[in-house]
């Protein structure tokens, strides 16, 4: 079935919307006035919901929820070693698996949001789970783990109970489930508050992802300084309680905007839609794909997917066009989506296939990024970290946050974008794919800096001493480089995957960014295990032993730098091959809707 012809056509059928429009003009003017009044009142009603003001509540929620999450996660590796008595390798692997689980749960949240629950209900349910997890972590720490009081400060050993271990692990995985399922949906829900038909709001929507990242770093800045200091001195329960209070306030701030939010209805199960496309392709494997203008698509401005705009046909993955090719036996029979799919449905599946290679190339970067929460912390723990009463690991960890905050409050968009625009000829500056590539390069440099710092640390070890005399200030370059790379990579990823995802899988697009972090943590854990199996032989204790002074963690950092360089080469090919999604012009859709309204009144 062909698409509706352009408006400039000189001949019309009796059912043409143009004829209907002429009839209305010639007919009773009261109907026209009624139509105008109805459209104006409907637009006035739309202005009552959404917008930048209500989106700020979501940014507040993001900042406070992140503060609560990092209050548990940023020092988790030290909690496992000091309180639960785990060795460095097991603690690093457990943290990597936990963080990986956090972001893997983002796929569950995105699926429920896009398919059944919608953004608001998904955010609500997962935040309740998040609060429950933090409450249990505070309880287990207070009643069962911090024994005697003040232990876990690096000097006094703790004597935790077995039931305390079990409750604590349950609690942190509830935190992982709640925070992970809530995050991608919150980002998409925030973007929903901006109307793309309004040019001003459309530009604000692009900036929203930068401010979303800004809010994340505001929350982590407090966790990486104040909370880290108290936890490192043995006040673990206080740190967990502050996280719990922050999560509760975040949830209340989220609920405050309930009457003003703009809600987008779920579009149904995307897994079923993609399965229908591949099933239809398989059934028509011997059928030659039809020409683009002969492929099946429903009439009107809206697609067959509830709440989703139409997507224009693209030439890549031509074999998938078989699913939208109309066989003679299907021309006059009821349309079965398992045998015949619309162009938009086929293009939705194509979009997923196009995004996957780019997404896979971001996993190695996530391996680099996860070292900040594991090996960087262990490295800093054996360096000269105190000057007076100021805790320098927290200061160095917050260095990348400060950099990110400065970037997101205007330096990037006001300085780097115009500069890049002059150099590239693109008024919007660097594209999302270009920014992600820059993030990969800077991440590689961060691993080189980490390896150089470790070499310097090993050279400043006194015999019989666990701590090197090298100041932890030497870690600042690697943290700043990771922070700079994060700005380019993760903000670029949020904008790219959300912008390139079709309307029916917007939350899934946002979750890809977090799923990348998830797999990066699992790959990091696997690499650490493989490296230890290969390097720990005979008298050799391996690159990352219990006593880091007898190992070669620098070699592991250089290994990651090499993997990042190789990954960057692959990424260049994938980015060059990628084609942007081609959504039908929303203005055309508005014109269609106006003409449909006219038809309904004639």
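Yeah, the Cβs are placed from backbone N, Cα and C, and that goes for glycine too.
Taken from TrEMBL, the feature transmembrane segment applies to 63-83, 95-112, 118-136, 206-230, 236-256, 356-377, 433-452, 472-491, 512-536, 556-574.
At the 8 Å Cβ cutoff, the transmembrane segment (118-136) and the transmembrane segment (433-452) share fewer than 3 close pairs (sequence separation 6 or more) and do not count as touching. When Cβ-Cβ distances under 8 Å to the transmembrane segment (236-256) are tallied for each of 63-83, 95-112, 472-491, 556-574, the top count falls to 63-83. Among the listed stretches 95-112, 472-491, 556-574, the one sharing the most Cβ pairs under 8 Å with the transmembrane segment (63-83) is 95-112. Only residues 6 or more beyond the boundaries of the transmembrane segment (95-112), in the same chain, are considered here, and those with a CB under 8 A from a CB of the stretch are 69, 73, 76-77, 80, 122, 126, 172-173, 175-177, 179-185, 188, 270-271, 370, 373-374, 505, 507-508, 510-511, 514-522, 524-525, 528.
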